[in-house]
Amino acid sequence: MTQIQLESLATAERKPASCTDEPTHYPLCCSVRLSYTICAFLAMLMHLCMRNIFNFTILCMSNPDKGSPPVVNASESLNYLYDSENVSTINNLGDIQWTRKEEFAIQSTFYYGYLVTLPFAGRLADRFGGKFFFIHSVTAQAVLFMLIPVFAHISYLGTFILRLMQGLVAGFGNPALYQLFSTWAHRSERTALLSFAYAGYTVGTLVAFPLSGLLCRYNWEWTFYIVGLVALVFGISCNWLVYNSLEEHPRLSADEREYLKSTNEEKSTSSCIPWKNILTSAPVYAFILTHVFHSYGIIVFTMMLPRFLKEALGFSLSEAGIYSTMPFVGGIIAKFIIVPTCTYVERKPNYKPTLYGKIFYVLCIVFTIKFLVIVMLLNAKQHILINICILLVGFFTDSAFSGGYWPSLLHLTPSYSGLLSGIANAFSTIDGFLSPVIISAIAVQGNKTEWNNVILTLIISYVLAASIFGSLGSSKLRSWNNVIATEDV
């Protein structure tokens, strides 16, 4: 091999292969790479629907306790709608008697379970393959999800435990999905395919909120049964669509096998984990901490946006369901730009993922903060401007995730991508159960001033994420990944 070819293999400053013994390209259309990417997209969509639907549906399944202020329909009085002392009482229409504190507590329960399984789920996927965990994290979660309406009518504690179990099962899904991309994505396509797959996160939330708002008008229980059944059917179908290795796949062509082989050769076959190297690697810490701080913004937006729109801005439940999708519409728009752009850029001979990723991430975060500040300055009557700003926050946040730091781990250490993505997600899950506690402590009355303080915590978190990744982040392949490494650019 030439020196150029060795650098292409050994570093994450990737160049398209140009040697005669490695195919330079194999069409993505009708390929098994595309087949897996679509399955990953749908799996992420199912995961996020089952996680986030509960965060909206709880607004219409729960009723005020005795002695609470009377229910007022938001459409009956504009004065009532924009009175910050009254908006928190709007539209509690359900039949479940849970207090506000209980609602916040049960929302965070999912993340306690999620935290437990994530760290070792990634290692199990690296060691034994991700297919089993990919499939059963969807199917088992679907069954538990369909049981929520039954348990909600019987016992708060029972529902609490059910959500905990749902989080435990869901924790196996993301690391397995991520690990399988180290097999089913060529190095020149990783950012693009990963970005498309994680669009399922955005679409899942985009579907969850309006679907919940629609079904809540008739019977909130239908949301759990319909979504759970669809997820169950999809999970079972993946038995014939998702495979652990090139050798196992019955429909993989010889040409595509050769195209993917060079990427799979980067993966270590050793069962030993180089813990010393991992624990002393600054880029690994940068990836994990960036994910923790970036995820805080995503989780708060996903979990709290319907309540923010309803309480701080006086939106009705149906309006909150529709307008809560705005950041995720922005995310979808971002995907349409990121996927083709990254595909083009990654195939350029002078492509430098470390430099590109840092610049792109920091710029996206700067714009995210800018539009969050504008949201803080707007008042409840400026609905159109608020929705535009929320959409743009979603656009730049998703762009920063998909084209910035998240794909860097597949370049940094493909052999341990499942393990380290699991650890990163485990730490970021702390955001999931701490953020409701923090927000409930800040937004006691639910008025605009209090919610502005919540938004301020988002800004601080994004500043920390950009500072860490911008200074310490890297996409250079590590020498302890069991292949030759060269100097980063």
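Even glycines carry a Cβ here, placed using N, Cα and C.
Of the candidate ranges 111-129, 320-338, TrEMBL annotates residues 320-338 with the feature transmembrane segment. Long-range contacts of the transmembrane segment (193-211) within the same chain, counting only residues at least 6 positions beyond its ends with a Cβ under 8 Å from a Cβ of the stretch, are 33, 37, 40-49, 52-53, 56, 177-178, 181, 184-185, 223, 227, 302, 306, 320-322, 324-325, 328-329, 331-332, 335, 338-339, 342, 394, 398, 401-403, 406-407, 410. Long-range neighbours of the transmembrane segment (359-378) within the same chain, counting only residues 6 or more positions beyond its ends whose Cβ lies under 8 Å from a Cβ of the stretch, are 290, 297, 385-386, 389-390, 392-393, 396-397, 399-400, 403-405, 452, 455-456, 458-459, 462-463, 465-466, 469-470, 473. Between the transmembrane segment (454-472) and the transmembrane segment (284-308), three or more CB pairs separated by 6 or more residues in sequence fall under 8 Å, so the two stretches touch.
Within the same chain, residues 52, 55-56, 59, 107, 205, 209, 278, 320-321, 324, 327, 361, 368, 390, 393-394, 397, 400-401, 405-406, 408-409, 412-413, 420, 423-425, 427-428, 430-432, 435-436, 439, 446, 451, 454, 457-458, 461-462, 464-465, 468-469, 471-474 sit at least 6 positions outside the transmembrane segment (284-308) and bring their C-beta atoms closer than 8 Å to a C-beta of that stretch. By the count of Cβ pairs under 8 Å, the stretch nearest in packing to the transmembrane segment (384-406) among 132-154, 160-181, 223-243, 320-338 is 320-338. For the transmembrane segment (160-181), the neighbouring stretch richest in Cβ pairs under 8 Å, chosen from 132-154, 223-243, 320-338, 418-442, is 132-154.
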